[in-house]
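The structure appears right after this line, and notes come after that.
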């Protein structure tokens with residue numbers, strides 16, 4: 001048994017046995033998309049090879065009992081080749097014999113059929129530079145010819161993990177085949193029930209993203225997932241996206257009863273005005289609880305794990321006020337700064353208590369006038385005069401409600417008026 005290689009890495013397209021009346025033994029003709037090789041089956045030597053330049057080979061046709069052959073290429077022309085050693089020329093083409101007589105006398109077999117052409121860089125990669133100048137390498141043009149068997153041995157020696165690479169390639173190929181075999185989501189939405197199809201595709205994409213992030217978790221069942229992209233190919237539901245009789249009327253009473261106000265869905269006020277505490281912050285809050293419960297580890301071993309409550313923190317006072325009033329700040333935050341400032345000036349809510357203006361979104365504004373140093377000085381002098389005229393109550397140790405006026409006469413007059421008033 002002999003193993004022959006075209007050394008192109010391409011699949012063999014055709015194998016033919018050719019024999020004429022003048023030939024002693026059959027010839028083996030093998031064809032791939034690059035070259036046609038003719039072998040001697042007894043010795044395994046290569047007789048000749050044909051490598052067309054017009055394009056890749058698709059098929060070969062050999063005229064019976066002759067050495068004429070035709071090649072079907074990826075071009076508009078079909079080249080023909082005549083090999084006298086394979087057989088005579090056809091009867092309808094006798095003139096070709098005269099043209100090939102001289103060529104047949106000087107015919108030589110190709111000596112490079114079983115050789116591999118390598119450049120100097122290829123020899124360095126295979127660690128074969130020491131063979132330069134020996135009879136194992138034949139210099140030609142910008143490189144060298146080396147025996148193909150020697151080349152294969154050197155390549156296997158330098159690439160010991162070639163089998164592992166082959167296994168990885170086969171594994172990758174199988175994975176690609178599995179991906180192709182999956183039901184693909186149509187790129188274009190159907191003409192009927194486009195919103196339903198878009199929602200199915202979006203949900204499936206979200207589920208695939210979650211499963212990709214959590215490889216260790218089991219794949220969720222279709223009951224939890226709901227509708228999937230396979231309904232586009234299922235014969236039971238295929239008409240739902242093709243027949244207009246099955247189109248969903250969102251204005252019908254039945255649809256509104258099952259889907260009340262689908263377009264009026266508002267984002268959660270909790271998610272807008274509050275922030276969820278991270279695990280690090282939550283851990284710092286629960287350190288004291290963990291230290292207190294360390295002594296009860298044995299008693300809690302059989303208890304089931306309970307989900308911890310989530311803690312939220314309000315963003316700021318502005319969001320707290322909006323949440324208290326059950327309002328959303330999304331529309332206001334989307335406005336440019338100029339429009340927000342104009343709205344603040346047009347609609348101020350003035351508080352008479354402390355002269356603070358309340359604007360939209362919880363903003364505050366206060367106005368004041370600066371006073372000169374002279375006014376401050378006058379105010380200080382007036383206060384000193386008042387202190388001199390007024391006699392301190394605290395220095396006398398009397399209460400403010402005793403009726404004392406600051407001197408004896410005043411005190412007696414006060415008591416006298418009180419007695420006269422009493423007599424009346």
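Even glycines carry a Cβ here, placed using N, Cα and C.
In TrEMBL, the coiled coil annotation falls on 193-220 of the listed ranges 109-136, 137-164, 165-192, 193-220. Each residue of the domain 'Nucleolar protein 10-like N-terminal' (3-110) gets a DSSP state, and the totals for helix, strand and coil are 11 helix, 34 strand, 63 coil. The domain 'NUC153' (234-261): residue composition by secondary structure is 13 helix, 0 strand, 15 coil, according to DSSP.
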